[in-house]
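The structure under discussion appears below in the form of structure tokens.
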Amino acid sequence: MLSNMLGSKNMTEKDWNNLLDTALPDVEKEMDASPFDTKLSFNMADDARKVINENLNIKDFHKKYHSKLLKEFGEEVGQDFASGADEPAQETDGVKWGMVIDLRKCVGCDTCTVSCKAENRTPPGISYNVVLEQEIGDFPNVAKVNLPRPCMQCEKPSCVQVCPTRATYKLKNGIVTIDNDRCIGCRYCIVACPYGARSFDFGESYEDEMPGYNDVTSPEYGIERGERKPGKTPIGTVRKCNFCLHRLERGEEPACVETCVGDARFFGDLNDPNSTVSKLSKSPRAFRLKSDLGNGPNVIYLK
Amino acid sequence: MATTAVAAPSARVKAKQSKRFKIWIGFLFLLLIAGGYFIVERLVQGLPVTNLSSITPWGAWIAFYIFFVGLSAGSFLLSTLIYVFGMMEYERIGRMALFTAIVCMIVALTFVLMDLGRPERMLNAIIYWNVTSPLAWEVHFYLVYIALLTTELYIAMREDLVRLAGTASLKGKVAKWLTFKNSTITESTKKRDHKWMKILGTIGIPLAILGVHGGTGTIFAVVQARPSWNTGLFPVIFVVSAMVSGTALLLAMYIIKKKATKQKIDHGMVVSLAKMMVGFLFIDLGLQFYEYLVGVYGLEHHHLEGLGTMMGSAYSWSFWGVQMFLGAAIPIFLVFNKKTGTNVNALLTAAILIVIGIIGVRFNIVVPAQIVPLFEGLPAGDYFPTFNEWMVSVGIAAMGLLIYTFGEQLLPIEEIQSSEKTEG
């Protein structure tokens, strides 16, 4: 019937409004019928729109309605609505570190891989970051795709799920870390990681090609371990990218981000809606690797 | 049948047997020492002595670990047929099954220990138990399971221990120590022991199926990153193949032992066990068929590649040659062929081949899934165990056989009554 009507005559704005009025319930009537304050609900809805459009501060919004909500809904619901007087300044949501990698900017130079190895002084066979290079298409329509792959610092990491000793765990800031002093080296996490982002430290060394390599180790997770010796942690345990946590703690970006020649990597707080990474992560170009697995990677790619 | 045997074995036969026993023990010690050298090498140098890598982090030792857990679970479940379901025709192998189950668990855990990057921290899995980790659960299940098996074996042996406690032999001394001197056998203790065997066996069934072996399958099945493991059927196949290998192992051990000690073989039981073994094998093959069919039908790239690696790559000899031909086709033929189906030697061959076939099954589970790269562009794995890995495995297996052999010397694992009858 509706399609008939649409087909038979040109609808004016008035017709549309009429159609809506008949289809939608009357909000005022609905609210009156409810046990709640009609006026309060309308005012709150208006102000909430203002908050969304950034015409009103969320704190002022809370302050304005705190007492009214307490009266309307009682302690249980009203409590959640901060009074604004003694606001615990953003205690709940700290930073959540995330990375955005623009694949159109990546030239496949492997600088990230090299700088990562230099920064973390990873032994032979271990690269926290690698760049997967692939040629797609048939000649002459070929293209090269470079895919840098650090650890995804997943929201729900498989490695943390399977670790028998809780040696690998997620920090509040979103980084998945390893307690190398607890790790028993069972390598279940390597098997379970869908991104191949974990490596086992077999104890190899560059000492032969690079005298003095063993003398200094990277202060991963802020722990200074001194000389690299056989049988000494982290040898015999699992290692992984940790977004250069030791650099973050002194206010520096991860080494791969800092050195990227094409400026393809962005780093920041995904909890902050105004950060570059947050904005880029909402781009239509944004995608995550193996998103169907449900791990929720915090490394986002732009295609 | 036993009573019709020769009245008493002559001194010559006994001397020959003890010589044979010495050769056997000597051989095992030799293997243990040879393996021991490589175990020490592995402990000193760490895992670089293996062919493992970060791409293929699990290899031969994990395959042997799940193989021995399977043997253990299978032997134990066979013992429950006797003690819980009252199939007394298999009673001859009841204690053997329980003791085998214990030894196999010790062997399996030794393999895990060898495989850990930090063996000295093994207790961390208990101290810092992560409840979402199937592996951590397994460690706990294994310990409870070993405790249960030991208790059950003790109760099963108790009457014979009490009987032995009076004798002056080495077995008698051990028995005296184990029975706390004042034990007696009465109708009421018989009843009590029987009841406890049933209770422990009944607790043990879900423990062995869900906890120990299904759980070991779960370690693999929960790994979403490896589609060829990530199926609901996977733990079930683990349990069924455990039954296959457990039955085959006990059958082979029973025949070999009887032959070596020149005792009479219970022919009827051998044939019936062989039928049961092949029965389990058929269920196993059926489940595998569905597993592969569903996997292939899904056309999921990664899953196809995993199956392709197993069935149609340089690794496929292990699947077609060991798992399917040696471990399934030949044994099925041997058991069902009219001529060989009643021949003890042929059935022994079938049982040994099935055990070897299940080793192939375990390798085919562990290795091919880790050969396929997780992403296109990441390097593919390339794994074949090193000489060290083989020798460590030989050493650990020899250790298990030694424990079993000495255990049998010290404990009444075999029914005394029947051997008494044999000796007249």
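Count begins at 1; order follows the chain as displayed.
Glycine is treated like the rest: Cβ placed from N, Cα and C.
Note: TrEMBL annotation is automatic and uncurated.
What TrEMBL lists as transmembrane segment is B:21-40 (among others).
Under the heading transmembrane segment, TrEMBL lists B:60-84 (among others).
Tertiary neighbourhood of the transmembrane segment (B:96-114): same-chain residues 39, 42, 61-62, 64-69, 71-73, 75-76, 78-79, 82, 122, 142, 145-146, 149-150, 152-153, 156, 246, 249-250, 253-254, 392-393, 396-397, 399-400, 403-404, 407-408, 411, 413-414, selected by CB-CB distance under 8 Å and a gap of 6+ residues from either end. Annotated transmembrane segment per TrEMBL: B:96-114 (among others), in sequence order.
As annotated by TrEMBL, transmembrane segment applies to B:199-221 (among others).
Per TrEMBL, transmembrane segment is recorded for B:233-256 (among others).
The transmembrane segment annotation in TrEMBL covers B:268-290 (among others). Same-chain neighbours of the transmembrane segment (B:268-290): 89-90, 92-93, 233, 236-237, 240-241, 243-244, 247-248, 250-251, 254-255, 328, 331-332, 335-336, 341-342, 344, 347, 350-351, 354, counting only residues six or more beyond its ends whose CB sits under 8 Å from a CB of the stretch.
Per TrEMBL, the feature transmembrane segment maps to B:317-336 (among others). Same-chain neighbours of the transmembrane segment (B:317-336): 248, 274-275, 277-278, 281-282, 285, 310-311, 346-347, 349-351, 353-354, 356-361, 363-364, 367, counting only residues six or more beyond its ends whose CB sits under 8 Å from a CB of the stretch.
The transmembrane segment annotation in TrEMBL covers B:348-367 (among others).
Positions annotated as transmembrane segment by TrEMBL: B:387-407 (among others).
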Original post:
Does the transmembrane segment (B:21-40) reach the transmembrane segment (B:387-407), going by 3 or more CB pairs under 8 Å (6 or more apart in sequence)?
Top reply: yes
Original post:
Do any residues of this chain, six or more beyond the ends of the transmembrane segment (B:348-367), have a C-beta under 8 angstroms from a C-beta of it, and if so which?
Top reply: 56, 58-60, 62-64, 66-67, 70-71, 220, 229, 241, 244-245, 248-249, 251-252, 255-256, 274, 277-278, 281, 310, 315, 318-319, 321-324, 326-328, 330-331, 334-335, 340, 383
Subject >> Highest-contact recorded stretch vs the transmembrane segment (B:387-407), from B:60-84, B:199-221, B:233-256, CB pairs under 8 Å >> reply: B:60-84
